[in-house]
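Chemist: Next up is a structure, given as structure tokens.
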4 protein chains.
Amino acid sequence: MSKDIKKVVLAYSGGLDTSVILKWIALTYNCEVVTLTADLGQEEDLDGVDAKALATGASRAYVEDLREEFARDFIFPMMRANAVYEGRYLLGTSIARPLIAKRLVEIAHEEGAQAIAHGATGKGNDQVRFELAAMALDPKLKMIAPWREWNFRSRTDLTNFASQHGIPLPVAASRKLYSMDRNMLHCSFEGGELEDPWNEPLEGSYIMAVPVEQAPDTPEYIELEYLHGDPVALNGEKLSPAAMLKALNTLGGKHGIGRLDMVENRFVGIKSRGVYETPGGTIMHIAHRDLEGICLDRESMHLRDSLITRYSECVYNGFWFAPEREALQKLIDETQRNVTGTVRVKLYKGNVVPVGRKSPFSLYRADLATFEEDEVYNQADAAGFIRLQGLRLLGYKK
Amino acid sequence: MSKDIKKVVLAYSGGLDTSVILKWIALTYNCEVVTLTADLGQEEDLDGVDAKALATGASRAYVEDLREEFARDFIFPMMRANAVYEGRYLLGTSIARPLIAKRLVEIAHEEGAQAIAHGATGKGNDQVRFELAAMALDPKLKMIAPWREWNFRSRTDLTNFASQHGIPLPVAASRKLYSMDRNMLHCSFEGGELEDPWNEPLEGSYIMAVPVEQAPDTPEYIELEYLHGDPVALNGEKLSPAAMLKALNTLGGKHGIGRLDMVENRFVGIKSRGVYETPGGTIMHIAHRDLEGICLDRESMHLRDSLITRYSECVYNGFWFAPEREALQKLIDETQRNVTGTVRVKLYKGNVVPVGRKSPFSLYRADLATFEEDEVYNQADAAGFIRLQGLRLLGYKK
Amino acid sequence: MSKDIKKVVLAYSGGLDTSVILKWIALTYNCEVVTLTADLGQEEDLDGVDAKALATGASRAYVEDLREEFARDFIFPMMRANAVYEGRYLLGTSIARPLIAKRLVEIAHEEGAQAIAHGATGKGNDQVRFELAAMALDPKLKMIAPWREWNFRSRTDLTNFASQHGIPLPVAASRKLYSMDRNMLHCSFEGGELEDPWNEPLEGSYIMAVPVEQAPDTPEYIELEYLHGDPVALNGEKLSPAAMLKALNTLGGKHGIGRLDMVENRFVGIKSRGVYETPGGTIMHIAHRDLEGICLDRESMHLRDSLITRYSECVYNGFWFAPEREALQKLIDETQRNVTGTVRVKLYKGNVVPVGRKSPFSLYRADLATFEEDEVYNQADAAGFIRLQGLRLLGYKK
Amino acid sequence: MSKDIKKVVLAYSGGLDTSVILKWIALTYNCEVVTLTADLGQEEDLDGVDAKALATGASRAYVEDLREEFARDFIFPMMRANAVYEGRYLLGTSIARPLIAKRLVEIAHEEGAQAIAHGATGKGNDQVRFELAAMALDPKLKMIAPWREWNFRSRTDLTNFASQHGIPLPVAASRKLYSMDRNMLHCSFEGGELEDPWNEPLEGSYIMAVPVEQAPDTPEYIELEYLHGDPVALNGEKLSPAAMLKALNTLGGKHGIGRLDMVENRFVGIKSRGVYETPGGTIMHIAHRDLEGICLDRESMHLRDSLITRYSECVYNGFWFAPEREALQKLIDETQRNVTGTVRVKLYKGNVVPVGRKSPFSLYRADLATFEEDEVYNQADAAGFIRLQGLRLLGYKK
């Protein structure tokens with residue numbers, strides 16, 4: 001163990017695992033531990049979490065509300081890119097990690113700490129995301145990842161250590177069936193019956209959204225107003241980024257929207273199966289794509305579309321604070337300059353259906369699209385257009 | 001008018017427009033007209049369409065059932081690519097055009113015709129698709145596109161011409177509200193209230209699928225079996241490509257699946273608004289993507305994903321018989337070698353939810369994905385992996 | 001001929017073709033013609049070109065030195081992108097067209113003209129570039145492209161028309177063997193013996209650079225200093241963009257650098273064979289790529305590299321003033337933030353050989369690259385890195 | 001040290017390092033060591049290398065001539081892709097590694113070995129390439145990478161170990177200034193004065209090609225005949241792949257062709273500076289690209305070009321035996337079907353200048369490219385082509 005580590009900043013949730021980690025680091029590294037508990041909209045009561053950290057041995061416990069920063073500087077830029085990992089996953093967990101890492105590094109600087117620590121396991125993506133973000137922001141800071149370091153080999157080892165050191169165990173009833181991660185964008189579920197990809201997820205995997213079967217029998221229409229690619233008003237009411245997402249989560253959750261069950265490819269080379277709930281994010285994603293239909297030029301859109309895979313890899317793999325993600329963001333934000341307008345969306349039984357869209361920058365012109373005559377489009381032009389398009393195919397049959 | 005044109009092969013639907021075109025070509029070019037009416041699963045009664053063609057002046061009328069070829073050689077290869085235009089459209093109209101063009105060219109060769117003709121307008125994509133396919137297959141054939149050539153300026157001009165030449169007009173009741181195109185993959189709707197993108201589509205725009213509100217209140221589960229990326233059996237029953245699509249259309253239609261309302265970018269430079277129904281194709285698309293989750297290697301998938309935009313442009317823009325589409329298809333088909341297995345899908349109120357998937361080629365390994373110990377994955381490896389991944393970010397803050 | 005056209009702005013070189021065009025437009029459209037002759041570094045004497053235009057019937061003749069704007073706002077941004085068309089062509093002709101079109105449109109606005117005109121033929125790329133740029137900048141302006149409109153069928157028709165209207169013919173001796181285009185970035189040659197791709201270009205196709213065989217027998221070393229991706233000083237002397245290019249042309253020309261002979265694909269669907277001389281641009285291109293080696297992060301570079309084809313298509317096809325080119329430029333310029341430093345280049349007999357490079361933002365670290373121990377790189381990390389990289393290949397042999 | 005390892009197959013060059021490794025493995029793992037020395041065209045005398053291996057403790061020593069397989073199945077497919085890493089490097093070292101790994105794995109199977117071993121250091125790319133290829137081909141085999149395992153900290157440690165164990169040291173005179181790697185495609189140089197990127201390479205870094213200054217003063221013309229993208233005859237003489245490369249190396253070397261000095265990005269996250277000589281490969285690369293100019297359709301070429309970066313990453317990073325490389329190869333090989341014909345190339349003082357090209361599949365048509373009238377291209381078509389191309393730009397100025 002490095003002698004140089006005198007103070008560590010730990011990402012602390014208040015749960016059993018990070019409590020054990022807190023104590024384990026203090027004992028193993030013989031150092032001071034400062035904790036950070038961030039409110040990212042996980043809808044957990046954070047009252048008392050600082051007291052718990054201090055009781056478990058922390059020298060200082062930060063509890064911070066980062067919801068607006070999370071929505072504005074992380075989720076919204078990512079949604080402007082229409083980011084989707086492997087065609088389906090809206091990256092709810094991935095996008096939270098760089099923000100937490102950023103605050104860990106900032107607090108390390110304020111506190112004069114030499115290392116940061118997290119509770120992510122050695123087989124997952126989150127360890128990579130935390131550590132790459134931290135390396136980018138301050139390569140001199142050391143990383144402590146207890147799951148890769150200690151000798152605990154089972155849950156029982158953990159609970160034994162907890163009992164030994166007076167860390168309160170969760171009551172049996174509250175024990176989670178799944179390994180979960182929740183924030184204002186989504187909730188993820190792994191483990192349990194999901195480990196067999198042939199099993200249908202059980203009812204315990206619903207938290208943010210009702211099962212579609214239980215959603216109302218009456219559709220609900222909303223109007224979502226966008227400015228430069230970001231949603232800014234709902235049904236005429238201006239909302240901050242975090243308030244917007246919260247409101248859309250309520251709507252989406254009520255209508256059973258945004259549920260996903262998939263096997264995905266982790267960055268560390270493993271396939272894993274997860275269930276995701278992204279109610280508000282799904283509404284945002286679909287409405288945004290729809291508004292682009294009238295606001296975005298064809299080639300800008302296709303160019304951007306061809307880069308979604310790459311951008312999503314950046315987010316998923318933990319390269320948020322990375323020059324390639326930033327370069328892509330410049331391109332994407334340039335395409336969003338005129339993505340301003342309103343989408344009318346019908347929500348019903350898991351369906352998000354854009355039924356109307358309008359924009360002061362609309363490039364749609366009804367007179368051009370109909371097959372009637374108009375002032376701009378000369379149908380005879382099409383003959384020349386087609387002939388020159390086809391010229392290079394003359395040798396096709398060779 | 002070219003003196004060289006003595007015989008023309010016309011894509012003939014039996015409707016008013018192509019009947020007028022048939023007569024107009026015969027008169028204008030003073031030539032023989034042979035018609036082709038193809039059954040692509042549009043579920044129209046084609047009995048008597050040949051008699052009608054002959055009565056309108058055709059010298060010969062081909063009526064052909066191309067459904068299996070359409071499904072097997074056009075729709076299925078496209079679905080193996082997960083093709084989606086502008087993130088949403090499953091390309092139902094686009095994919096039918098090259099097949100019709102191919103048959104027009106073949107018949108032109110058999111009949112010794114000098115030209116082929118179609119009824120697509122001068123502002124749409126279909127003219128491009130027909131003509132590019134024909135140019136690729138036989139650059140010597142002339143193209144006749146009456147909508148770009150004649151002087152008719154309105155529907156009234158057309159009906160006047162029809163009356164003059166004894167072409168029966170459809171009874172008022174059967175007149176369509178929309179400009180529609182239907183085949184076994186989809187039905188499209190344009191025009192009418194849809195010309196204002198802010199208008200919600202009316203009930204007339206439902207043909208292949210019920211409105212979600214009218215779908216059954218009970219979910220239905222199906223099992224779809226794939227071989228090398230193609231669906232080959234439904235609930236244990238082997239089905240031909242066309243039979244598979246028909247069965248999935250029935251299922252999807254019943255559950256209100258596969259409806260899309262969007263503003264898209266035409267190849268000719270115009271934005272247009274359309275409503276699409278693709279019930280069976282939507283089930284296929286979603287189930288295929290899901291099965292790939294366990295069968296496809298990560299980098300093959302991401303590579304293929306990054307090319308979906310390009311492949312879809314090929315199909316949408318009419319470059320099916322084109323070297324770039326064929327090169328892409330080679331890449332895609334190579335990725336599908338092991339996409340073999342079964343997906344269990346829940347259909348309910350417009351939702352297509354994969355709930356289980358299995359494959360003899362599954363790359364998913366439960367032992368690797370859990371955070372427990374296993375034989376293959378050494379958690380300590382992750383530290384080295386992350387450190388080398390992050391090494392290039394050391395200069396990030398410069 | 002449109003009655004609405006009362007004044008036209010014509011891109012006028014002073015040569016026979018555009019003189020004929022000037023007169024032809026004035027007569028055919030019965031309108032006023034204003035000419036623009038731009039100095040883009042073509043090294044032709046423009047004295048008297050205004051007099052000639054006026055004598056041929058122009059109502060006003062603009063002669064403008066656009067060299068600095070050309071270098072700064074067109075060539076340099078394109079070189080920051082490392083743009084190369086079809087792996088070889090540095091786009092010397094392509095990049096000049098949007099600037100000329102921009103000035104034509106601006107003058108049309110100042111002059112109250114209704115149309116702009118150019119002397120590009122109906123089979124080339126330049127017509128597309130001129131007209132797309134103009135459409136983007138002012139879609140209301142009409143385009144006049146005499147080569148596509150008039151009935152002249154040969155050179156003789158043209159000279160007859162010239163003789164008839166008192167337009168002086170070039171003396172036989174000065175007649176060009178090739179169709180040429182020259183500006184400060186390059187000189188292109190088409191036609192003549194080049195029409196057969198098997199023919200080696202003759203000596204007439206050398207203007208900006210000597211044949212390699214005639215280049216000095218002694219190498220010359222230069223130092224090129226870059227700031228944010230642009231060359232700003234040569235051998236320690238600060239130079240404006242146009243002065244930089246001129247100086248590099250002199251150097252490159254002396255050493256026989258930057259000659260290219262290729263068959264390329266025109267946007268209009270035709271293959272054509274051209275010879276290009278790009279002496280200074282070739283030095284810039286190679287030195288820039290070399291400096292990026294130490295200044296650019298790997299993933300930024302690879303991302304940018306994967307977009308060179310697309311960016312080059314924008315420039316070649318005439319989509320300079322287009323949203324997709326601008327979005328790409330944002331990405332590219334972001335990658336160039338730290339491309340600042342000095343490259344030492346050896347010039348010798350057609351070879352441009354970077355032999356040294358340094359930068360205040362260099363990401364190269366000698367201590368990391370050697371196989372000795374260092375402080376940052378732990379060789380044991382590589383084992384974990386490799387094992388996780390390879391994990392997804394475990395199923396490869398299936 | 002794993003008890004399970006009883007026999008190891010080692011990639012053995014006969015030099016000091018791999019001799020030390022041979023002995024070290026035998027002692028450390030207490031196991032049998034079998035060696036493989038492959039002739040990949042490195043032009044070293046391999047006589048006696050087996051005796052040396054056996055004398056140093058190997059139980060069996062394979063010496064194999066793999067030149068034809070190397071050229072045919074590795075170099076040629078890669079050259080068909082026009083692979084270039086970071087815009088410049090022709091991947092000469094990278095492409096050799098998977099072949100060696102494949103033979104190591106095959107021999108391990110024949111010999112019943114449990115592990116394979118190589119002499120690549122822990123900071124380079126080669127370790128990754130060897131081990132990824134081996135993991136792909138047989139994930140059960142163990143990897144031994146002594147440079148990452150032992151405690152030697154310097155050259156002196158190594159030579160001490162050698163002396164101790166009777167391994168002959170190279171005489172001082174033959175000690176290499178650089179870390180080098182040579183095969184029939186190239187020779188690479190690292191280290192020495194090259195560690196400072198500002199230093200010009202010294203004369204010791206020339207092996208396969210003369211300095212340009214020493215190349216003949218007379219140009220030499222060759223004709224290179226291609227079949228489906230591969231060179232098959234030189235100046236009319238059919239040559240096997242390996243013979244072709246050897247002949248081109250002689251020609252290229254004589255004329256000072258194919259030298260490169262660059263700073264590149266290693267896969268392990270480090271920048272390194274290398275000098276490469278690729279005389280014959282450079283001729284092949286340039287001639288191939290040139291022939292494609294007449295044989296390849298525009299969109300196939302641009303599509304392939306946009307994938308060169310990705311393909312080259314596969315090769316450079318060691319993912320040769322990987323599904324994504326194989327999928328790309330299918331696409332590439334499809335584009336090469338008609339890349340058949342002859343290129344005439346001038347070689348002179350480092351310059352490789354294609355001066356003529358012809359093909360039975362040429363898509364070039366002189367009649368289309370000139371601005372004269374022809375039968376196929378109607379210049380009036382260009383107006384329609386341009387207008388529809390520009391239609392989407394009408395909203396550009398918003």
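Glycine is no exception: its Cβ is also placed from the backbone N, Cα and C atoms.
Residues annotated as ATP binding site in TrEMBL: A:ALA11, A:TYR12, A:SER13, A:GLY14, A:GLY15, A:LEU16, A:ASP17, A:THR18, A:SER19, A:ALA38, A:GLY119. According to TrEMBL, the L-citrulline binding site annotation covers A:TYR89, A:SER94, A:ASN125, A:ARG129, A:SER179, A:SER188, A:GLU264, A:TYR276. Among the features that TrEMBL reports, L-aspartate binding site is placed at A:THR121, A:ASN125, A:ASP126. Taken from TrEMBL, the feature domain 'Arginosuccinate synthase-like N-terminal' covers A:7-168. The domain 'Arginosuccinate synthase C-terminal' feature in TrEMBL is assigned to A:178-393.
Show me how these features fit into the shown structure, please.
Modeler: On its own chain, A:SER19 (ATP binding site) has A:TYR12, A:LYS52, A:THR56, A:ALA162, A:ILE167 as residues at least 6 apart in sequence with a Cβ closer than 8 Å to its own Cβ. According to DSSP, A:SER19 (ATP binding site) is assigned to a helical segment.
Classification of A:SER179 (L-citrulline binding site) by DSSP places it within a strand.
Neighbour count (other Cβ atoms within 10 Å of the Cβ, all protein chains): 21 for A:ASP126 (L-aspartate binding site).
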Chemist: Within a 10 Å radius around the Cβ, which one of these binding-site residues has the most neighbouring Cβ atoms: A:TYR89, A:TYR276?
Modeler: A:TYR276
Chemist: For chain B, give the subset of the binding-site residues A:GLY119, A:ASN125, A:ARG129, A:GLU264, A:TYR276 whose C-beta is less than 8 angstroms from one of that chain's C-beta atoms, in sequence order, otherwise 'none'.
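Modeler: Sorted by position along the sequence, the hits are A:GLU264.
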Chemist: Can you name the residues of this chain that are 6 or more positions from A:GLU264 (L-citrulline binding site) yet have a C-beta less than 8 Å from its C-beta?
Modeler: A:TYR85, A:GLU86, A:TYR89, A:LYS271, A:SER272, A:ARG273, A:GLY274
Chemist: Quick one: which of these binding-site residues, A:GLY15, A:SER94, A:GLY119, A:SER188, have their CA within 10 A of A:ASP126 (L-aspartate binding site)?
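Modeler: Those near A:ASP126 (L-aspartate binding site) - Cα within 10 Å - are A:SER94, A:GLY119, in sequence order.
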Chemist: Under DSSP, is A:SER13 (ATP binding site) helix, strand or coil?
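Modeler: The residue in question, A:SER13 (ATP binding site), is coil (DSSP, three-state).
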Chemist: How long is the line from the C-alpha of A:SER94 (L-citrulline binding site) to the C-alpha of A:THR121 (L-aspartate binding site), rounded to the nearest angstrom?
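Modeler: Cα of A:SER94 (L-citrulline binding site) to Cα of A:THR121 (L-aspartate binding site) measures 15 Å after rounding.
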Chemist: I need the neighbours of the L-aspartate site defined by A:THR121, A:ASN125, A:ASP126. Which other residues of that chain put their C-beta within 8 angstroms of the C-beta centroid, in sequence order?
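Modeler: Close Cβ neighbours, site residues excluded: A:ALA120, A:LYS123, A:GLY124, A:GLN127, A:VAL128, A:ARG129, A:ARG266.
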Chemist: In whole Å, how far is A:GLY15 (ATP binding site) from A:ASN125 (L-citrulline binding site) when you measure between their Cα atoms?
Modeler: 20
Chemist: Counting only other Cβ atoms and using a 10 Å cut-off, which of the binding-site residues A:SER13, A:SER94, A:ASN125, A:SER179 scores lowest?
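Modeler: It is A:SER179 that, of the binding-site residues A:SER13, A:SER94, A:ASN125, A:SER179, has the fewest other Cβ atoms within 10 Å.
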Chemist: How long is the line from the C-alpha of A:ALA11 (ATP binding site) to the C-alpha of A:ARG129 (L-citrulline binding site), rounded to the nearest angstrom?
Modeler: 13
Chemist: Given a 10 Å Cβ-Cβ cut-off, pick out the one of the binding-site residues A:GLY15, A:GLY119 that has the most other Cβ atoms nearby.
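Modeler: Comparing the binding-site residues A:GLY15, A:GLY119, the most crowded Cβ belongs to A:GLY119.
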Chemist: Around the Cβ of A:ALA11 (ATP binding site), how many other Cβ atoms lie within 10 Å? Please give the count over every shown protein chain.
Modeler: 22
Chemist: Would you mind reading off the Cα separation of A:GLY15 (ATP binding site) from A:SER179 (L-citrulline binding site), to the nearest angstrom?
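Modeler: Computed Cα spacing between A:GLY15 (ATP binding site) and A:SER179 (L-citrulline binding site) is 12 Å.
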Chemist: Give me the Cα-Cα distance between A:ARG129 (L-citrulline binding site) and A:THR121 (L-aspartate binding site), rounded to a whole Å.
Modeler: 12
Chemist: For A:TYR276 (L-citrulline binding site), name the DSSP secondary structure in the helix/strand/coil scheme.
Modeler: strand
